[in-house]
Amino acid sequence: MQNTIRIIGIDPGLRRTGWGVIETLGNSLRFVASGTVTSDGELDLASRLCQLHDGLAEVVHGYQPHEAAVEQTFVNKDATATLKLGQARGIAMLVPARAGLRVAEYAPNAVKKAVIGVGHGEKQQIHMMLKVLMPKAEFKGNDAADALAIAICHAHNRQAVTSRLAALAG
């Protein structure tokens, strides 16, 4: 017998960290909620990271996901920006891990491939496919949409692993 699994996807960012919560049962997906956690750009880095931590902790506590997925960081030419993104990503991984959740990581192209079928695509394609996969999905902005896509990527990957394990158990 299968159980419903609640997954939170997190799209880390220092200004805005997107989050999206879905439920999966077998191959079906159901939208639960999405949003963003923001930090005040006028504050020092440590205070901004605390804001992200507290906001994400509130989301995880409120929606009680079973598993979490976080997008991997890409390295760009601005080393300082990359380091700050890495620190925000650390918060995005720490919060669900401290709540006892297993945290999976996915490359941006793996997320796009899971949602739109190819590893390179436009934000508009992701938005459109989110509505196809979960017609009741509501998201404001790219960060929340990306977080939902990350959660869907994890749902597809965990389903593939479950199917392989079932086949091996035969």
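Keep in mind that glycine also has a Cβ here, set from the backbone N, Cα and C atoms.
Taken from Swiss-Prot, the feature active site applies to Asp11, Glu71, Asp143, supported by sequence analysis. According to Swiss-Prot, the feature Mg(2+) 1 binding site maps to Asp11, Asp143. If you look up Swiss-Prot, you'll see Glu71 marked as Mg(2+) 2 binding site, on the strength of sequence analysis.
Feature map: annotations from Swiss-Prot on the structure.
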residue	record	DSSP class
Asp11	active site	strand
Glu71	active site	strand
Asp143	active site	helix
Can you check which residue among the active-site residues Asp11, Glu71, Asp143 has the largest number of Cβ atoms within 10 Å of its own?
Asp11
Could you round the CA separation between Glu71 (active site) and Asp11 (active site) to a whole angstrom and send it over?
6
Can you give me the Cα-Cα distance between Asp11 (active site) and Asp143 (active site) in Å, rounded to a whole number?
6
